[in-house]
Every structure is written in C-alpha cells, then in structure tokens.
Amino acid sequence: MQDGTGTEHHINDVISVETQGPVGLICINNPPVNAASHAVRSGLWQAVELLAGNKTIRVIGLYGHGRTFVAGADIREFGKPPQDPWLPDLCNFLEECETPILCVLHGTTLGGGLEIALSCHARIALPGTKIGLPEVTLGILPGAGGTQRAPRLAGVKAALDLIVSGKPIPAEEALGCHLIDRILDGDPRQVALQGAYAVLAGDLPHKRTGSLKVTPDPAAISAMREHLKKTQPLLFSPHRCVDAIEASTSEMTEGLGQERHLFNACMESPQRAGLIHAFFAERAVSKIPERHALPRPLETIGVIGGGTMGSGIATAALLAGFSVSLTERDETGLSRGVETIAQNLEGAVKRGKISDTDRQSLLSGKLMASVGLEPLKTSDLIIEAAFEDMAVKQAIFSELDGIAKPGAILATNTSYLDINKIAASTSRPGDVIGLHFFSPAHIMRLMEVVVAQETSPDAVATGFKLAKNLGKIAVRSGVCDGFIGNRIMTFYKKAADYMMLDGADPAQIDKALTGYGFAMGPYQVADLAGLDISWAANRRRAATRPPEERYVSVADRLCEVGMFGRKTGKGFYIYNDGHPHPNPVALSFLAEERGVAGLKGRPFSDEDIVNRFVTAMILEAARVLDEGIALRPIDIDAVFLFGYGFPRFRGGPMHTADQIGAPELVRRIETYALEDPYYWQVPKLLHVMAENGSSFEDRNREAL
Ligand code: TC6
C-alpha cells in the first residue's frame, strides 16, 4: 500500500484497503451478504490497525462491496467453537480507534453489520438501505454492543422497538432516530470517500457512541415487559433483549458485561438452535434436484374454481402482479369467487399491503372472470382448485388438455388425490404438477410442489419460481395420500383423537399443545378448516380402513348435525361471542362413544399429550422420509413451520426429534404400543437411527 496512490492492498480474501491522500478506505467483500465471518473480523481488525498506525491517514472510510454492507454475524459459525477476534471485541476496537471511522451502510445492514456500524464514529446510508437488529428472530440478542449502542444513539424506546421486534427499518427512519447521520446517494466506495472528506472538513461530526449517556425510560421498559408477557410468554430471547437494553443506562463497560452475560444465556438456549434451524430450513427447501432446469415464462395465471381456495390463489397471484383468469362452472359460482377476491383484496388494503387504488386497478385491470375453461387458452400456468373428487378433476384435466396452449403448466391444488392419475387423463403428463396451497392461500406461506412420475424438471422449476414470485416457501413433495403435510397430519390427528377417546377433552388437548407453542391445537384447527373437509376424506377412506384401526367419529357426527366448525358457528367449540367455548354436543357425542367402547376416561397430563402428539408426528414423518416423499428432514420441518403452526423456536418436528433422540422415541413408541400395537409401530428408519446413533441433521448434511 502506498500513500496517496490509491493502490489496493489485500489483507486477506475478503478485506482490502486503499489510501487516497489522508483517507484510508476499507472494503469488505464476502459474498453473498458480507456476513461477518472469522476472515472478515480478523481482516477488518488488521486493516484498521494498519491504517490507524499510518500517520498520514486522518480518517478511515469503511464500506461493503456487492449487494449489501454486512448483513450480520455469520450464522453458520453459531454453535461452533468461537474464533478470535470476536465480533464484540472487534466493535470495541473500532470504537476505541484514534482515527475516526466513517461507515457506509447499504442493502440490508443487519445484526452484527449494524453493530459494526454503530461502533464507528459516523454513519452514512445509501437511499433504500434497510437497517435492523434481527437477532431476536434467531433466539439471541445483539451481543456485539447493539443493546448498548442503539439506545445511546436512538433512546431506549426506539432501541426497544428495533431490537425486540427484530424488524428492519428504512434509512429515513434510522436517520430520524439518529442511528445514522446522513443519507447520500452514490456507490458505497464513492460515498465512503466523500463522507471521509466531510469528516475531515468538519461537515460531518464524529463521536464515540460508547461515550454517550442514556436517559432512563422505565415506563417504556415496563410497557414492553407487559407486552411480551402477553404476546410471547414462551420465548426466551425477547425478554433478555429488554433486560440488556435496561442495562444501557449504566456505564458502557458495565452494560456490555450485562449484555455478554444475557447473550451467553441466549446462545445456550435450545430456542436459539431451533430458530437458526428454521432460518436455514426456509432457504434449504429451494435446493431441489431440478434447480438447474429453466423455468417456463409466467405472466398469466388461470384459476379453475372460485371457492375459498381458488379465490385465495387468484388473490395471491394478483397481489404478485400476475394477470389472472378465473373460471367457474356457472355465473353464481363466478360472482361468489369475484366477491371473495374483492374481500381478500380489501383485507390486503387494511393490512397495508396495497393501496386502495392498487386494489381497484387489480380488480378492473388484472382480473378476468368467465364461465367455462375456454378463456384459459392463453394462460401460462393453470391451477385447478375444483371439488376434491377424482372424477371431477380428471374430467377437467382432459378438457384442459384440448384447450391449454402448448407448454402451459397444468397444476392441481388437490390436497390428497393421486396426481399420477390426474396426469394420466391428459396427453401431456410432463406438464402436470401439484401446487398445493394452504388456506387462506393469499396469506399462508407454504406451498407444496408435488412432483408426479412424469412431471418434467422445468415444470418443477416453474412451480418453485411461481412460489418465489408469490412470496411463498415451496417444498418439494412426492405423490402419496396427503403429500408431506396432510399425510403426517392425518396420522398425528389420530393420536389426538385416541387421547380424546381415552379421556382427554378436546379443550385440554388444544391447551396442552398451544402451551407447547403450536399456533393452534388440532381441534381449533379442525374447526377453522371446516369439519366437512375431513368428513369427505373420512368417508372416502372408510372402505379401506383396516378393522384393527381405532376410529373416533365425533367430528363426523358433528357434521351429521350440521356443525362444521367456525363456518357454522359450532364444531368442537361454540363461537357465539367470537371466542371458542367447549361445545356440549361434541362432549356428549364423546361421552357416548367412550360408553360404547367401554372406556371410563383416564387422566392425561399436558406433558403426556404433547409427547404422544409430537411422537406420532415424528413417527409418520420418518416414514415419509424413508419412502422418499420428502427430500430431506429439513423439508418436513419447513412444511410444519410454515404451514401447520409448529412452534418456530422448536425448529420443526425433525429438529425436535433430534433433541429427543431416536432411542427415546423408540422407547416411547414401544410403550404406547402396549395400548395400541396397530397404530404405534416403530418405523424402520427410527430403529436404524437408534442403533447407529445417527440423527436427522446428519441426513440434512449429507443431502445439502
Ligand atoms: C448476528 O448478527 C449476531 C450478532 C451478535 C454476535 C455476537 N450468515 O436470504 P438469502 C446466506 S445474527 C450466514 O437467500 P436475500 C443464506 O443462507 C445475524 N449466511 O438472500 C443464503 O445462502 P444460500 C443477523 C447468511 O437477498 C445466502 O446468504 N442477521 C447470512 O433474500 C443468501 O441469503 C440476520 O439475521 C448470515 N448472517 O436476503 C440476517 N445471511 O444461498 C439474515 C444470509 O447458501 N439474513 N446468509 O442458501 C437475511 O435476513 C437475508 O439473508 C438477507 C438477504 C436480507 C440479508
């Protein structure tokens, strides 16, 4: 490196420095998101040491190359032995540096990236930068001084909002609360140079954040504690975030000590491992065998069926900017579908997703509604969401075969039916795929992409592309009754039903499971989804149900008396005042059924309920995996995290299985089998895992 020449010098693979007269520039280049890996931390330390030791350098400009400044600590290093220098030490080192450091923020400056920026002496963001401390979403807290420096710059209230919500804010808001000093347009290097000269000229003040004092705000602290007690009682790290921010009114070293102590407690919590697993699950699912196939062009989406599902899918497609052609069998069905879409879009306006003008232009400019399939001839992808009946679906697909343009993807939204049979009713099975949405389809994030025997790789890639465009998480599934999610759910729902018959009331089961962290219990879910939905499937399966299988018919009997759940105001619960109350009719059916079976009803502890339910889920999931229906355990985790309300902090059923351990799962299943040897059978895979000591995570590692 030579002063004034502007030559670049590489400290290591990811950090370089250059000098421009009195300005030293440090560039971080660690794609894809400049995560603060060990190489970044050690390189940055050396670069600052080098420039600070150079008497001609009077100011240092720090910036990132590529799409973002540092988007956080390197999450892949969590849980591994820490390597010096630690991020907190690096941040303190930056703050202590005698030469002022100006930091340029761009892209998504998050977590440890923002903590680096807050340790510098002045900050400029590029327009459009998102700034945040999302550590709480990973079960930790901003442990590199973020809980101490953010309140010093922005005050306790703003720091609480930023750190406890974990939600990034736009640069303008960060400027408003003094987290940054200026917004300037340009490329990061040029802004770093310009900003450095502004510091030199005294136009941009610089200071040590740690030397500032925090005004205590006990009202904001206790309001946040109350809020968290009500909204997130089961989570660990949000509460520790508040404790750490409260400590920021102490001297900096004392506050940092508190932060370290609380950070370590978060790191040791199993919630941290679960939440980080969920983070990677969201991304791992896109790594499919067909990922190198070229997706087909997608502009116009056809939707067959204006029921709840079809209208939800059409809404999702409209919100993502597609032109949508909705078709129904008759005018009545069509106007009901259009009405539901209009209501869904109104909901999107209320949630702040779109403006009222957008809503109107989507309805009038992007939605075409018609009777009959003919208008679908121009659609690039057609999703059938008609009645769940094989004959109905086959008739639709065979008609579509004659109408859809060559290369159009023909998708079915079936939840259970055999897509190979549906594909066989066309002359182009390579174009047929399952796109299984979850209700409400414009809100739920999960979409199963179901790959039939002859589905072509580019059709699969197109399904994944559609999911991405819709902002959904797609998981690849093979064909079986119920695919990944509903197949496993059908199985574990029986475990709940057997506990109900044996003595636990629906409300107790729901309470135990929501206490474990599920968004809803199985009977709340059943009422919401509509008992009539599974009634149809139950009747379909009745003929093939083996005689050894126990069957609980309370839900069917509720349907027989017209109680379909929330949609009729009565199901397992009564919703007369908007809140669920146990339905005496359901309880009397249950008592009758216990009587017929000669059961008195025995007590179940909440722990027993949770253990049986979760074990049943893992049991069937192990079979789904072994049969190759799911690619990897982490795909099953994603299905349950994003489609079935599995508690995110527990990382999903397969991650949970690893926490419990295969030997304990086998022991549990064998114990339960003493009561019901037909239902509780140890799957082959769990036996193997218990014997060879392997885990589901080992299988993820092998596959990814
Ligand atoms: C922290 O900072 C704690 C500090 C205290 C320490 C004491 N590390 O999401 P994308 C990977 S905690 C490692 O698809 P996007 C990601 O896995 C951290 N890897 O892109 C993916 O890899 P793949 C606080 C990371 O443009 C690739 O980058 N920070 C990290 O849709 C692309 O990611 C956060 O929580 C990371 N920190 O979104 C931010 N981040 O291609 C987490 C990403 O092999 N990150 N990767 O699958 C995000 O929110 C988003 O990635 C994004 C970019 C908004 C930065």
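Glycine is treated like the rest: Cβ placed from N, Cα and C.
Per TrEMBL, the feature domain '3-hydroxyacyl-CoA dehydrogenase NAD binding' maps to 300-476.
The domain '3-hydroxyacyl-CoA dehydrogenase C-terminal' feature in TrEMBL is assigned to 482-575 (among others).
The domain '3-hydroxyacyl-CoA dehydrogenase C-terminal' feature in TrEMBL is assigned to 609-693 (among others).
Residue counts for the domain '3-hydroxyacyl-CoA dehydrogenase C-terminal' (609-693) under DSSP, split into helix (H, G, I), strand (E, B) and coil, are 61 helix, 1 strand, 23 coil. Mean model confidence of the domain '3-hydroxyacyl-CoA dehydrogenase C-terminal' (482-575) amounts to 94 (pLDDT, 0 to 100 scale).
When DSSP labels each residue, the domain '3-hydroxyacyl-CoA dehydrogenase C-terminal' (482-575) comes out as 61 helix, 4 strand, 29 coil, counted as helix, strand and coil in that order.
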